[in-house]
Every structure is written in C-alpha cells, then in structure tokens.
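Below is one structure, written out as structure tokens; the observations come after it.
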Amino acid sequence: MAGNSIGQLFRVTTCGESHGVGLMAIVDGVPPGLALTEEDLQKDLDRRKPGTSKFATQRKEPDQVEIISGVFEGKTTGTPIGLLIRNTDQKSKDYGNIAQTFRPGHADYTYTQKYGFRDYRGGGRSSARETAMRVAAGAIAKKYLAEKFGVVIRGHVTQIGNEVAEKLDWNEVPNNPFFCGDVDAVPRFEALVTSLREQGTSCGAKLEILAEKVPVGWGEPVFDRLDADIAHAMMSINAVKGVEIGDGFAVAGQFGHETRDELTSHGFLANHAGGILGGISSGQTIRVAIALKPTASITTPGKTINLNREDTDVLTKGRHDPCVGVRATPIAEAMLAIVLMDHFLRHRAQNADVVPPFAPIEP
C-alpha cells in the first residue's frame, strides 16, 4: 500500500490498524535541539482520544504515546522520531457480521476491490483511529512553529448537523466536548447528538482552523502551493468531503472590488484570501474550513451486498461517533501544522539568504 506518508522535508509516515497491536509513526526532518517530551504530544492526543464524553465513541483508549527514537536527554537529535501508541480496547467480535458483507458508505468495498482482501475489524487501516498518529506528529510541528515563530494553530467547530454556532470565544472552546466557541450553541449541539444516537443515525459537521503569525513567504508554486498542500492534507482526513481556504465557496458570489485584499504601507485591509496569495503565505492569518460527512456506521439497517455479490442487509455494530466532527478539531490542527512545518523547511532550504526589498507589512 502506497500513500502512507506526507511531506517532503518534514515527512510523516504512519502505520497500524484499528484493531491491530498499535499505531506507529516515523517523523523525519525535525530539527535538532527541540526540547521534546511525551507530555508535549499527549496534550493534543488527550483532546482527540475516544471515550472522553457521551457524544463520541465509547471505545476507551488511553492513547498513551511512546517516543522510541530521535530524542536524547529531552531534546531532538535530528534523526527520525519513532512514535508508538498501543491499542488496548479492541472488540473485534463486534465486526464479525461484516466479514462477509460491505458496510455502505465505508471503504470496505473499495479496499476489497483494490487489494483483494481487507481487515474488517473496525475498518482496519481505513479507520479514523489512524489519525491518532497524525495528532502526535502534528504536536511536534506545532511546538516547533510556536517556539520558533510564535505561530498559533487552533480550531473550533462551527456547525453540527443543522445547528450553527454564531459566535466565537476561544476561551469557551476547551470547555465543552464539541470544541465550540459559542456557549449558546453547545446545548443545541448536545440535544442534537443525543437525539441522533437514540435514532440510530448520525450527522455531519463543519470546522474552522486558523494559523496565526505564519511568516510571509512559505509555499512552493506552482504545483506545491501552500493552499494546495493544505487542501491535500485536509482531504486526507477520514470523512472530509470539502475544504475551503479563506472565503472559500462564497467567492462565487463576490465581486473583485470587494474582495481583493487591498494593502497599504500600514498593512492589509482585508483577508478574504485566507492568508495565502499565489500559493505563498502573506503573513496574514491562514483560514481553513472543512466539512465532514455523517459517519455511515449507524445502527439503522442498510442495503448492501456480500462477498458472493448477493443483495443483503447490514446492521453496523461496534462503538462509533454519532458525529465524527466532534473529535476532528485536533486532527485538522495537526494536519495544518504538518504542512506548515514542511513548507518552513523547504523555504529555509532555498530562500534562507533572500533579502526582500522592504520589511513585511502588518497582517
């Protein structure tokens, strides 16, 4: 299987399955000398891990990360960093009924057609459990970018199902299981997700992720534009079906004289482009939004076929998120951090000696 790595100079490779022994990652390209402990990674893993609220999957995994290489006496050595998370709460028997059938809306059918075989336990490699390693690797990137440049990467949920958050208070985001910055929207989110679980169905979600204080100049036109790589990274997250940069799809109804992000000697007058111009960071806040589809793992029976290509019905058992967007915020933050870290290293490799004609304007 190809496609298990992302990045060029900051390169993350993951492996492992939902019900296997564990999850692993190799993170290459981390500069030497970064103070790094397992606790630095655990903070974000704890934000993502399952079983933390009644609004997410009840699979209880501690997701304790182990650093097995690349760190000596508390600092990175510049060699590949090996990471390991052991699985502890697999219940593979819950998936015995789908060994011969395909769950609609999942990768079961396509994996079987492509590889001729699949690990049906919890979705195997296609499970969102794989994203735990992305979060661990992304935490390394977030720490380096924060210490080196003061970059702040953070996200919040703006919509669950048909319920929309109207306000954003960053102080509220860590205070609820939805990563929502609108305290008034939280009870509506709770009621909706509770109702969905009782009905045996699920819903989608929308998230916004911001990267503040990103220096101007990161991005490699034309095929490796910063926004192109961000979109690629976000689309690699399970269930993501849409990505917006800046104003996103709203630009279809906008006019050039309103949205061209005029600039003066004192700074930019707007940020409709989302902090990226010509595929290169402008120094403004990078704004990304993603839409996640409803999980197809629901307790309502659905039509499918079996390995004999016969029509049948399937009822998905197991422990699943009624809304996958609830735990997606730290995953999206991690993917944005990984892309930014990679582009910093690439920019430094070619352009470290470039002297612009004037200092960057205020974002």
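A Cβ is built for glycine as well, from the same backbone N, Cα and C atoms used for every other residue.
The secondary structure of Arg48 (NADP(+) binding site), as reduced to three states from DSSP, is helical. Of all the Cβ atoms in the protein chains shown, 22 others lie within 10 Å of the Cβ of Arg48 (NADP(+) binding site). Taken from Swiss-Prot, the feature NADP(+) binding site covers Arg48, and the record attributes it to sequence analysis.
Residue density at Lys293 (FMN binding site): 17 other Cβ atoms are found within 10 A of its Cβ, drawing on all protein chains shown. Mapped onto three states, the DSSP output places Lys293 (FMN binding site) in coil. Per Swiss-Prot, the feature FMN binding site maps to Arg125, Ser126, Ser127, Asn238, Ala239, Gly278, Lys293, Pro294, Thr295, Ala296, Ser297, Arg319.
Comparing local CB density within 10 A for the binding-site residues Ser127, Thr295, Ser297, the maximum falls on Thr295. Calculated from their C-alpha atoms, the gap between Ala239 (FMN binding site) and Arg48 (NADP(+) binding site) amounts to 16 Å. Recorded residues Ser127 (FMN binding site) and Arg48 (NADP(+) binding site) have their alpha carbons 14 Å apart, per Cα-Cα distance. In this structure, the C-alpha atom of Thr295 (FMN binding site) lies 17 angstrom from that of Arg48 (NADP(+) binding site). Arg125 (FMN binding site) falls within a helix when secondary structure is assigned with DSSP. Close to Arg125 (FMN binding site) in the fold, though at least 6 residues off in sequence, lie Met1, Gly16, Glu17, Ser18, Tyr111, Asp119, each with a CB less than 8 Å from its CB. Looking at Arg48 (NADP(+) binding site) and Lys293 (FMN binding site), their Cα atoms lie 18 Å from each other.
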